[in-house]
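Enquirer: Below you will find the structure I want to go over with you.
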Amino acid sequence: MTSEESLQQLAEEDWKAKMKIAFASPEWKEWKTKCTVKQKEMASKEKEKEKEAGWAERAVLKEKRDIEKAEERMRKAEEKAEREREKAMEKEQKTLARIHAQQKRKHAQERARMEKAARSLAAKEAKAAAAAKLALKNMSNEEGTNGDSADTHDSGKEAGSPGALPTSLPATPKPRPCPRPLYHVVTVSDSQPVSPACLVLQHPPPVQLGPPEAILPLESEAEGSCAESLASSGPRQSSRAKKAVKK
């Protein structure tokens with residue numbers, strides 16, 4: 001061992017002895033206690049800071065979660081409002097469609113009722129017109145029959161005068177309608193004039209509205225009326241001719 005090493009070793013031993021003395025002193029103990037307290041305070045402050053930082057972070061996270069929850073609630077509320085609005089619109093559309101269908105059905109019923117009333121009125125007017133035409137035709141037939149009867153009576157009087165003999169048929173009678181809707185051919189003798197109720201040749205009657213039973217008589221009735229008119233006019237004319245011959 002050299003002198004330098006020995007000196008260094010002696011210095012270290014001296015420092016250690018001095019430190020032992022220093023550590024054993026009350027000042028050192030007090031300083032050490034203060035340092036320990038200060039370290040504890042600093043550690044507690046660090047812990048407090050860490051806690052505050054954690055609390056702040058947790059608060060931020062909580063606030064973020066609250067914001068997300070609020071946004072979710074708002075989104076759900078908007079979706080619910082949208083669904084309710086769609087339901088209301090659909091309900092309103094259904095109501096409008098039902099009202100439109102009711103109005104359309106009502107208009108169709110009203111139009112059908114008006115058309116039915118118009119058809120009924122037209123039928124009534126047609127029946128009234130047919131009845132009026134039939135009445136006018138019957139009146140004209142009655143007037144014509146009365147006029148022909150008067151002409152026949154006057155011609156009979158002239159034929160029944162003294163010295164007058166029925167040598168030929170009377171003038172061609174005016175065309176009068178016959179109850180039958182067909183053509184009639186009547187055989188006429190010199191002593192049997194044509195009855196005004198039946199024509200030698202007649203045209204078919206015009207078409208009339210209404211049931212055919214109310215306008216045209218049956219064939220048997222028409223033949224009976226013609227036969228009766230011929231039978232009634234035949235003997236009367238022959239008796240008049242006989243009286244004229246006797247005179």
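Just so you know, the numbers here start at 1 and follow the chain as drawn.
Cβ atoms here come from the backbone N, Cα and C positions, even for glycine.
Note that TrEMBL annotation is computational and uncurated.
The region 'Disordered' annotation in TrEMBL covers 74-93, 98-184, 196-247. The compositional bias 'Basic and acidic residues' annotation in TrEMBL covers 109-127. Summarising the annotation, TrEMBL assigns compositional bias 'Low complexity' to 128-137. Annotation comment: TrEMBL describes 138-149 as compositional bias 'Polar residues'.
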Enquirer: Quick check on the region 'Disordered' (74-93): DSSP residue counts for helix, strand, coil, in that order please.
Expert: 20 helix, 0 strand, 0 coil
Enquirer: With DSSP as the reference, give the number of residues of the compositional bias 'Basic and acidic residues' (109-127) in helix, strand and coil.
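Expert: DSSP classes over the compositional bias 'Basic and acidic residues' (109-127) add up to 19 helix, 0 strand, 0 coil.
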Enquirer: Using DSSP, how many residues of the compositional bias 'Low complexity' (128-137) fall into helix, strand and coil, respectively?
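Expert: When I sort the residues of the compositional bias 'Low complexity' (128-137) into the three classes, I find 10 helix, 0 strand, 0 coil.
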